[in-house]
Amino acid sequence: MILANVFCLFFFLDETLRSLASPSSLQGPELHGWRPPVDCVRANELCAAESNCSSRYRTLRQCLAGRDRNTMLANKECQAALEVLQESPLYDCRCKRGMKKELQCLQIYWSIHLGLTEGEEFYEASPYEPVTSRLSDIFRLASIFSGTGADPVVSAKSNHCLDAAKACNLNDNCKKLRSSYISICNREISPTERCNRRKCHKALRQFFDRVPSEYTYRMLFCSCQDQACAERRRQTILPSCSYEDKEKPNCLDLRGVCRTDHLCRSRLADFHANCRASYQTVTSCPADNYQACLGSYAGMIGFDMTPNYVDSSPTGIVVSPWCSCRGSGNMEEECEKFLRDFTENPCLRNAIQAFGNGTDVNVSPKGPLFQATQAPRAEKTPSLPDDLSDSTSLGTSVITTCTSVQEQGLKANNSKELSMCFTELTTNIIPGSNKVIKPNSGPSRARPSAALTVLSVLMLKLAL
């Protein structure tokens, strides 16, 4: 009898371990957050080919057309449509910045997501795919194309913003698109209208979307030690046409105008997602990714929310959209919070300084890493010093050092004020979801050891 019980337990143990370790346990419609995102244009095509999805999508768009969320929630047909779409690729779809059908993709995304939140959100989720590249990738390309590696003493005295413009002129595509936006933004329309801002913005968008970042970043985020260099950096986007105006509008009003346009709304949401200051990272950036923040910042240039350097000071980095919080009334606190995300943003400041310094940081968190963009914002977060030297800007020595260290699984930060070496990031975030996966916590192997322990105890008791 005891032997029979033991045999049954062994059989049960084998089946239990097989089911727990089986990859099929990770699959199923209930885990739609794990599904890799499809671009919204393709997702729309897939939905249109399926009658159930297509009809439900039309129903949901009709439900959201009235913009009355409470009415939609009370309507069973609207809720049924939403439940069906939540299990389709359309619900999790994302877009790529600069893609061929970007506007169409974003229109599809917002047609679903605009009405699903109650009221106006301060921070909106980004419709763009997450950035996986790092600044170190840009450094390597920039050093190859620009031929950097000069004597540090000579480099310290050079105007890096001027060098960046010269490097752009050596590339046909960069030179062509830069000449185009300079010509358009400098073209006076009349004595009372200095330029056609709409055309200027379009030309700037084409430049920053179509020219590789190893050129655009060097022009936009070049490090400076004197006022002449800093002024050239400020003039990069031709601010007299693209940025400044006779009067500064209220920042919340400007945000409202931006959010009426799908492209502008998406770029602003992407900036908040990638540059919003975080308590939970060393660099104050979400996932310690400087590249994602700088890319999101550059992505806003050429829209109503275009940001720029507020002055030509070489010792401090302060950027802002052309707006103020005058006339905010009882919304002044919200307005100031919105403006501080630009003017007092440690993530953005650190990212700009890191690029000018030729450094990047990867860190291993001491504790669990949560989604950085959901953390409460730090009002005052210590940032890197402002007076970083130009001598290390995009230098070959910096890249060589980082490369040699990377071979050992480390990355170095070689700024004069801060010398750190961090191990590679060991916590992974699954693309297309907000979930964080710890290295040793895979779902398929989470419970077999516990089951084995329990069953061993039961076997021992029965044997006794």
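Cβ atoms here come from the backbone N, Cα and C positions, even for glycine.
Which of CYS8, CYS63, CYS78, CYS93 pairs with CYS40 is settled by Swiss-Prot: its disulfide partner is CYS93. Checking ASN52, ASN362 against Swiss-Prot, you find N-linked glycosylation site recorded for ASN52. Here Swiss-Prot annotates a disulfide bond for CYS224; of CYS222, CYS229, the partner residue is CYS229. The disulfide bond recorded by Swiss-Prot for CYS251 reaches one of CYS185, CYS195, CYS323; that cysteine is CYS323.
The disulfide partner of CYS222, as annotated in Swiss-Prot and taken from the candidates CYS161, CYS285, CYS293, CYS325, is CYS161. By the criterion of other Cβ atoms within 10 Å of the residue's own Cβ, the least surrounded of the disulfide-bonded residues CYS105, CYS251, CYS325, CYS335 is CYS325.
Per Cα geometry, CYS285 is the residue among the recorded positions CYS168, CYS174, CYS285, ASN357 nearest to CYS53 (disulfide bond).
CYS161 (disulfide bond) sits 15 Å from CYS174 (disulfide bond), taking the CA atoms of both as reference points.
CYS229 (disulfide bond) and CYS200 (disulfide bond) are 23 Å apart (CA-CA, integer value).
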